[in-house]
Ligand code: AMP
C-alpha cells in the first residue's frame with residue numbers, strides 16, 4: 001500500500017482549508033460534551049494550519065439527524081468547546097451550504113476558523129453526493145481529512161470531495177496519519193510478542209479482524225460475550241449466555257488454525273454468572289465448566305483475570321478491542337477494569353480500538369497510560385481487518401513510476 005499524502009507534503013501557506021474533522025462527541029441530556037477527546041485530537045492539525053497562515057473551514061457530522069436542521073444536533077456547543085481549546089473565537093455558520101455559510105466563508109480572513117453546521121443536515125452527505133461535494137470544494141483551495149472515525153464511510157465530505165482537489169491540494173491531517181500509521185505497524189511489523197485481546201458482544205462483529213490477525217499474533221485472548229460461542233464450540237454448557245450458534249464452526253476453525261499457526265489462544269476459565277441481564281441480578285463466580293443452566297456469563301471471573309494478566313506480561317505489542325464483560329453495569333465491569341489496568345501496566349506498545357474499549361479505558365483512568373487510543377471504533381476495526389477505507393484511498397500517493 002502506498003504512503004499517505006501528509007499535510008506536510010503539500011503547500012498550504014496562506015490557503016483556505018476545508019478541514020473535515022470527526023467531532024461526533026458524546027453529549028449528556030443537558031447538551032454538555034462529556035468527552036472532548038475528538039476535539040482535542042484535532043488541535044495539532046488546526047494549529048499547524050493556523051501557523052501556515054491559513055483560514056479554516058471546519059466541517060463535521062454529529063449524530064444522525066433525519067430531516068435537516070434539528071437544534072439537538074447543532075454543532076454550536078462543539079464550536080464553543082473548540083474555541084476554548086484554541087483560545088480563539090470560532091465563527092459558527094447557521095447552515096452547511098446555505099446563504100449564511102457561503103457569506104461567512106467568503107468573508108473568512110487569514111487566521112480565522114469557521115465551523116459549518118452539522119454536515120448531515122444535508123441529505124446528500126451520507127449518499128456521497130457529488131453536487132454537494134462540489135459545493136464543499138468551492139469553499140477552499142485545499143482539502144484536509146482528519147476525520148478518522150468516518151473514513152470507513154464513502155460520504156460526500158470524505159470521499160466524493162477528493163475528486164475536486166488535485167494531489168497537491170488534498171492530504172491527511174496529523175490525526176488521520178497517526179491512526180493509519182499505528183494500524184499499519186500492527187498489521188505489518190509489530191514488535192513481538194504481539195497479543196490481541198478481543199471482547200465485546202459478538203464473534204460476528206470481529207470475525208474478519210480475528211481472521212486477519214491470527215497469522216500475525218503470538219497470542220489471542222478472547223473475553224466478553226463472544227467467548228461463549230467458543231466455549232460452546234468446545235462442548236461447555238454455557239446456560240443462557242449470549243451465543244451465535246451459526247458461528248460455532250467458525251469458532252472451531254479459528255481454534256484449529258490457531259493451533260496450526262502456533263498461536264496461543266486463551267479463553268475465560270471462569271465467569272461472573274447472573275440469573276438475569278440486570279444490575280440487580282443475583283451473581284456468582286463459577287468455572288466455565290459449571291455455568292448453571294438458566295444463568296448467563298456477564299463478565300470474566302477472577303481466575304480468568306489472573307490468567308490473562310499472566311498471558312500479557314511478556315507482550316511487546318498489545319491490541320485491545322472489546323470489553324471483557326457488560327461493563328456498563330458496575331457488577332459486571334471488573335473484568336474490563338482489571339484488563340484495562342493490566343494492559344496499561346505492561347511495557348508493551350498498547351493500541352486500543354475506539355468505541356466501547358476507549359470508553360472503558362477512559363472510565364477506569366488508564367487513558368494516559370496507553371500508547372494510542374483510536375478515535376474511531378468501526379474505522380479502526382476495518383483497518384485491522386485489512387481493508388482500504390474509502391476516505392483514505394484517495395489520499396494515498398500514486399506510484400511514482402506510473
Ligand atoms: P461490541 O460492540 O461487539 O464491541 O460489544 C460491546 C458490548 O458487548 C458492550 O455493550 C458489552 O455490554 C457487551 N458485552 C460484553 N460482554 C458481554 C457478555 N458476557 N454478555 C453480553 N454482552 C456482553
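Glycine too: its Cβ is placed from the backbone N, Cα and C atoms.
Positions annotated as substrate binding site by TrEMBL: 22, 23, 24, 38, 61, 62, 63, 64, 120, 153. Summarising the environment of residue 61 (substrate binding site), the number of other Cβ atoms within 10 Å of its Cβ, over all protein chains shown, is 27.
As annotated by TrEMBL, ATP binding site applies to 206, 297, 328, 354, 355, 356, 357. According to DSSP, residue 206 (ATP binding site) sits in a coil region rather than a helix or strand. Long-range neighbours of residue 206 (ATP binding site) (same chain, six or more residues apart, CB within less than 8 Å of its CB): 198, 200, 226, 321, 322, 381.
Counting only same-chain residues six or more apart in sequence, the Cβ atoms lying under 8 angstroms from the Cβ of residue 120 (substrate binding site) belong to 61, 62, 63, 64, 65, 73, 126.
Checking the binding-site residues 22, 24, 61, 63, 206, 354 against ligand 1 with a 6 Å cutoff on the Cβ atom leaves no residue at all. Shown are the binding-site residues 328, 356; the one with the most C-beta atoms within 10 angstroms of its own C-beta is 356.
Across the structure, residue 356 (ATP binding site) and residue 24 (substrate binding site) place their CA atoms 15 angstrom apart.
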